[in-house]
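Chemist: The structure under discussion is supplied below as structure tokens; questions concerning it will follow.
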Amino acid sequence: MTTDTEIQAPARVERRAGQASWTSTVPAWVITTISVAVATGLWEFFGRDVNPLLGTYPSAIIKAFFSMLQTGRLQDALIQSSQPFIVGYIVAAIVGIPVGLLLGRYRILESALGIYVTAGYATPLIALVPLLILWFGLGFMVKAVVVFLLSFFPICINTWFGVKAVPKTMIEVGTAFCASQTAIMRGIILPATIPYIMAGLRLGIGKAVIGIVIAEFLTAISGLGGIIITSANSFRTAEMFVPVILIMVLAVALTALVGWLEKYVAPWQSEITGHDSV
Amino acid sequence: MAHLEVQNITKSFGTHHALDGVSFNVEKGDVVALIGPSGCGKTTALRIIMGLETATSGQVKVAGRPVSGCGHDRGMVFQHAELLPWRNTLSNIGYGLEMKGMKEPELSRTAMHYLELVGLTLAKDRRPHQLSGGMKQRVGIARALAIDPEVLLMDEPFGALDSQTREGLHGELLSIHAKTQKTIIFVTHDLDEAVMLADRVAVMHAGKISQIIPIELERPRLDMRAIRTSAEYSKKRTLIWEALHDAGVSAAA
């Protein structure tokens, strides 16, 4: 009996190891590529049968993409949209991160102002756009403000909660070695909060994208959002999908950029967690 | 005048008295262990001496000066080392020096000296997650020693380590003490640790010191095997065990 189990046991281990090697040797990007190719192929195949007013398919979108590139319409729209997007998002980061740090660090500020940040995060801010138009007009300013408002709250709230998650004993190290408040903030709390800040910046990109598109729908119709709404109104569905997909690709790229930035500013983080952030 | 004077400190949280009049003196170069069951106030006492907490009443003096809050006259070693994960070994050791206002190149030179003292020269550039538990705590000790404090305070410094590593670090601490002659106060609930390292063991119970037991073992204590088998060692170990046991029985009664 004992010899039987002794002989069988290694065989079973080997088989399990063999199975693991098949799934773990194929690189992740290959699996992703195959998945995207299959999905696109299915869309192309079934999409061709759909009424062009109601749906479209990949090759039609690509054709529309190149014709819009040729007329220069797409480039102009991209530049128009990206300016308020970049300004709004960067201001949201510049204001949101320090405000979040202060809210997390000082109880008085947290009790006095935290409620507004929580409320602002939960409010459907898009509903305020008509009012914002009255304040800021229909042009660049109002779009930047909408982007700012939507991305500010996730950035700020994540930073704030990140500070709350810093272990008390880690701050006590600073206290025990007589670090000043500024030194504790810069030398302990800020680096310890970086993963949360980066998560906030990533969520902020998603919100900022929604912000710019909606702002372009509701204010002066322009930019990529403008193309979406005018194409949809004239039933040019393939044309409508060009900016939608372009925005999606850019948003994914920006999110990846934040991930890269995290590895650059906080290299210890991916070492500790043992996996790369997407 | 004693090097460290703890004068009748109390600490209350509402109606609960965590410390109920604790007094003791420590001479320069002496090692004192605070031992007792969980919740006896030993860690609170240490934290008050460090200035991480304020006493409800009473006073702590280091080298004759009353202390309030933090100070570079005391160096703290934390229970789980608490190294900063984004700093490498050398720069973790240099943290206290930086806070003390020391500048390069003196900063690196001093940190290097303590890196060598704890025998981690090869791990100079590693980050904490690349260090073992024992190595982390050695960095913690070096960081506290680097600011050249009058008193070294250690809060259950080896409690989280396995027994082999712990004994290795006992030897290390004994030799560091032999070299630096620092005044050390440490909290523990390990009897062997208390007898092996301390000159005096303060047994605490319910916020008070119930007994102070002197350990008459010669310094430097380099031969740990000989110490462990000595009559004084087993005698004092039994004495402390009884002191803890008596306190436990009276608490349960």
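Each Cβ is built from the backbone N, Cα and C atoms, and glycine gets one as well.
Pasting the feature list from TrEMBL:
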{"type": "TRANSMEM", "residues": "A:26-46", "note": "transmembrane segment"}
{"type": "DOMAIN", "residues": "A:78-258", "note": "domain 'ABC transmembrane type-1'"}
{"type": "TRANSMEM", "residues": "A:84-103", "note": "transmembrane segment"}
{"type": "TRANSMEM", "residues": "A:115-138", "note": "transmembrane segment"}
{"type": "TRANSMEM", "residues": "A:144-163", "note": "transmembrane segment"}
{"type": "TRANSMEM", "residues": "A:183-203", "note": "transmembrane segment"}
{"type": "TRANSMEM", "residues": "A:209-229", "note": "transmembrane segment"}
{"type": "TRANSMEM", "residues": "A:241-261", "note": "transmembrane segment"}
Chemist: Which bits of the chain, at least 6 residues beyond where the transmembrane segment (A:115-138) starts or stops, bring a Cβ under 8 A of a Cβ in it?
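Modeler: For the transmembrane segment (A:115-138), the nonlocal Cβ contacts are 99, 103, 145-146, 149-150, 152-154, 156-157, 160, 210-211, 214-215, 218-220.
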Chemist: Take a look at A:84-103, A:183-203, A:209-229 and tell me which one has the most Cβ pairs under 8 Å to the transmembrane segment (A:144-163).
Modeler: A:84-103
Chemist: Please give the sequence-distant neighbours of the transmembrane segment (A:84-103): residues at least 6 beyond its ends with Cβ less than 8 Å from one of its Cβ atoms.
Modeler: 109-110, 113-114, 117, 140, 143-148, 151-153, 155-160, 162-163, 185, 189-190, 193, 197, 200-201, 204-205, 208-209, 211-212, 215
